[in-house]
Amino acid sequence: MTDIRLYMLQSGTLKCKVHNIKMNQGNGADYEIPVPFYLITHPDGHTIIDGGNAIEVATDPRGHWGGICDVYWPVLDKDKGCVDQVKALGFDPAEVRYVVQSHLHLDHTGAIGRFPNATHIVQRAEYEYAFTPDWFAGGGYIRKDFDRPGLKWQFLNGTQDDFYDVYGDGTLTTIFSPGHAMGHQSFLVRLPSSEPLLLTIDAAYTLDHWEEKALPGFLASTVDTVRSVQKLRTIAERTGANVVTGHDPAAWSTFKKAPEYYS
């Protein structure tokens with residue numbers, strides 16, 4: 001039987017400016033942020049959360065992403081794609097049962113279509129918006145990453161399906177947290193021997209967002225962004241969860257990384 005574990009992994013970094021992450025801050029200063037993704041191992045099949053950057057940006061960033069590279073430049077080694085890192089840990093990609101998407105922005109879609117037996121779980125609102133984004137959001141969605149034939153999708157419907165229990169045993173619960181993206185969701189991970197972990201993903205890029213000291217540099221709705229953080233803070237308080245923000249370089253460095261794990 002496979003132990004229930006959470007592995008924290010990273011698919012390179014993004015080079016950008018402070019104000020791209022913390023609205024109206026930084027005076028144009030350069031900033032480099034990690035691009036995390038997560039592997040949950042489970043006796044009923046494994047889960048990838050997001051998958052980070054698509055491996056194609058390791059060799060042809062501008063060819064794959066286009067003009068958004070002028071704002072966010074991906075740095076990724078050719079052997080650090082999602083699938084290669086899962087294999088390096090000794091896991092068979094065919095044993096991945098779920099690919100769970102927080103949202104469909106370009107630095108979170110590296111697992112879609114890469115695991116042959118996976119059901120892809122995403123918010124319906126996010127999936128639909130990704131095909132017809134508004135002008136200000138279009139650069140963040142790379143359609144060829146998620147518009148792939150033959151994939152199995154499972155759609156969640158906002159508050160109607162909130163706190164969806166992926167395995168049915170409490171290990172992985174989705175939390176609808178729109179604002180950064182139309183259909184963003186965060187995740188509560190409960191493990192046998194560790195305190196719960198609340199993966200905010202991009203509902204809170206950094207601890208500044210979490211502590212309500214700054215707004216994200218990109219958002220679809222300011223009001224929803226603020227209210228989603230408030231919702232997640234309440235959940236963290238009630239569950240005693242350790243909070244893992246989405247792209248905070250300093251905070252990310254404090255967590256165990258694969259091959260170490262939480263269990």
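Even glycines carry a Cβ here, placed using N, Cα and C.
Values in this document were obtained by computation on a predicted structure and should not be read as measured data.
Here Swiss-Prot flags H103, H105, H180, D202 as Zn(2+) 1 binding site, drawing on similarity to another entry. Look at Swiss-Prot and you will find D107, H108, D202, H247 tagged as Zn(2+) 2 binding site, backed by similarity to another entry.
For the pair D107 (Zn(2+) 2 binding site) and D202 (Zn(2+) 1 binding site), the Cα-Cα distance reads 11 Å. Of all Cβ atoms in the shown protein chains, 24 besides its own fall within 10 Å of the Cβ of H247 (Zn(2+) 2 binding site).
Within 10 Å of its Cβ, the residue among the binding-site residues D107, D202 with the fewest other Cβ atoms is D202.
When Cβ atoms from all protein chains are considered, those within 10 Å of H180 (Zn(2+) 1 binding site) total 30, not counting its own. Cβ neighbour count for H103 (Zn(2+) 1 binding site): 29 (other Cβ atoms within 10 Å of its Cβ, all protein chains included).
Each of the binding-site residues H105, H108 was scored by the number of other CB atoms within 10 Å of its CB, and the largest score is that of H108.
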